[in-house]
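> These came from TrEMBL, pasted as-is:
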| type | residues | note |
| --- | --- | --- |
| DOMAIN | 9-68 | domain 'PARP-type' |
| REGION | 154-225 | region 'Disordered' |
| COMPBIAS | 163-177 | compositional bias 'Acidic residues' |
| REGION | 242-289 | region 'Disordered' |
| REGION | 422-448 | region 'Disordered' |
| COMPBIAS | 422-437 | compositional bias 'Basic and acidic residues' |
| COMPBIAS | 438-448 | compositional bias 'Acidic residues' |
| REPEAT | 539-574 | repeat 'WD' |
| REPEAT | 585-618 | repeat 'WD' |
Amino acid sequence: MAEEPKPALVFDKAKSGRSTCRATGEKIEKDEFRVGMEAWISGRMSTTWQKPVPFLEACHVEECAGRSSNYGTDKAKNHKFKRGQVRFICSSLDKKLYLTLESAASLLKPILEELGARKFGALSFKGLEELHEGHRKEFFEAFGVEDKAAVKFNKQHPPPEAPSDEEEGPDSGDDADHEPGQPASKKQKRQPGAIGKENHKASGAKATPASPPPQLTEYEQQRQEQIARNRERLMALGLPDLVQSAVPDRPKQPARTKGISAKKRREKEDPGPRRASLRQRGVAADGSRVDEELRGGKVTIINGEVLREPAGNSRHREPSPPKERHAKGLLAFESANGTKRSDAAFLELLRKETGTGKSDSTPTLAQIQKLKLKETDIAKVCKNGITHLAFHPGSAALIVATADKSGNLGLWSIDHQPQALKREELDKEEEGPKAGQEEEEEGEDDGVLELNPHGSYICGLRWAGGTGAAACLFTCSYDGSVRMLDPAAGSFQLVLSDEEAEFSAFDCTADGATAFLGDKDGNIEVLDVRAGKTVQEGVNLHPKKINTVHVEPNEEQLLVTASADNSVAIWDVRKLGKGGKPVSSATHSLTCQSAYFAPDGSQRVLTTSRDDTLRVWDGKKDLAQAVSIKHYNNTGRWVSPFRSVWGPAADTILCGSMKRNIDMYGSDGAQAAAMNSEHMTAIASRNAVHPFLPALAAGTASGRVHIYR
């Protein structure tokens, strides 16, 4: 007795808690609903499991378009798809399952009924908006969509026009009318003097009859019959579908890189005069040769025993003057990749948008989980690895600031409409094209500007102060300088200059009046921004480097510091001084990379450590440990250390992952999701969530920023 064929999809409850969702990597608990699909794993076909919602989100419906010899087969009905027909596609990573609408509806209706329309409805499948009216009607009938819901969907998503039969019909094409036995050409060749179909109708003239095709020889007929038999045998074995599922899809061409690039920043170098030998210059040799080499770079030349000393001898070169660690005084707002016009436009945007943001609500864990990454929401904002990034909290428009390891500052207006930078406009500027831009480079203003306010690693960045609503942008660097970008003045003001200090951490109060600077020796300085000088210098808080300093958002007299001595401590700035003790402290077993207060004023502290843990401490209970999360934090040499951050509602913890995910946890430590995307191709070690809009920025070691929204 023949075995019954396995169903294309399995929908049941997990019999144990050992299975894992192939789409999200999450565990599927016992008695939790799951969807099973056959896929190629470890050299054999096996059932792969997914949670229902991620499985349905990956499904999509589409029309068989383009030119292909194989659009797939619905094996359950043995139906081979043709051009112009609609197919439903289910997937398990690289494995694809092709279904007719009737098959898909019968297999998926139990899943949709179990989930309910609120979690996922039939109108939520991807690709439905791209179908024309006729194909949509087929979909609605197959899935039993009510007329009222169908009319509403068509109003929200007007269907595109149906393609003409000539262009998109299943039996159409340039070779549809060629005689059997004749090879099909890509374009139908027109006989000389032949009249086209349309012209024939208009003029009434008769078209020249085509010459009859030549007859096939006996050998050619046998060959065609053998090809047909082989094709039938392959189709019976299902080999074409197996090959199509085993071979990965050809990767799409990546979109043009937004933001700065090596091409835009390339400098024109003067190669100097070309070196040439005496023979090439047509100069006769004088017969000189080296007789003896002496110490100090002196040589004896045999030609009258002349003593010569090389002019470029490094031992006798005068020492070059010491280079300044950072620039002094005001720095103009001049980008390295834009023009005067684009720089002025960005300053005007900052002035205009400041104060337009409304903080009526904050993104919650449920909202952040739903964020998605699009290919167009990625830009290279900094030249090197990103150390800090922050959204503008006082703007309704999405504006993000980033800092990197080389002292560069990147600004990105995310929804900016790209505009071409025309060479005629550049020539009208007084200085012409900026240094580093080639004459033929026109480029594009895509809302990204690269500035160079510092000469070394930027250890802190915050929007604060100014005319209110966090109008100014503060930055602090290892080079011993603190600067403030004031859009109203259109320049970077030098708040503090210290030629000997090496600042490693920075934060300031919300009004931008007071800043706190940590250094590599564990000291902290309190800076009066308006006076431009420190009011408390060199108070030693830790025996080793301070990695982060953070001000409590509601009680700004409290600071929390994370240090390379493995400790985290809360300090009262009113009691800082020699012999001062922390309000409370705690210790990790290895270096503590970061410590941040919760934004809700609960004084909970979130820390990240090299001991592979993320921990939450209760600041109101002497930093008693509340939550401990196991998380792999060994990033190695080339990736910046992870620094976990709070969500704006203080119910979310986010941290980068070596798996190129963004791990998301609830405030109780339970993992809620692992955000991933095919467009995220690097490790996002630094992340920031917008304080009142559903948007997440993820920065990588290549200087790219990815916006999930």
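Keep in mind that glycine also has a Cβ here, set from the backbone N, Cα and C atoms.
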> Do any residues of this chain, six or more beyond the ends of the repeat 'WD' (539-574), have a C-beta under 8 angstroms from a C-beta of it, and if so which?
460, 504-510, 514, 516-526, 580, 582-597, 599, 601, 603, 605, 607, 609, 617, 619, 623, 643
> Counting only residues 6+ away from its ends, which parts of the chain sit with a Cβ under 8 Å from the repeat 'WD' (585-618)?
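Cβ under 8 Å, 6 or more out: 362, 547-548, 550-555, 558, 560-564, 566-570, 624-634, 641-646, 648-650, 653, 655, 665, 667, 669, 691.
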> Using DSSP, break the repeat 'WD' (585-618) down into helix, strand and coil residues and give each count.
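Looking at the repeat 'WD' (585-618) with DSSP, the answer is 0 helix, 21 strand, 13 coil.
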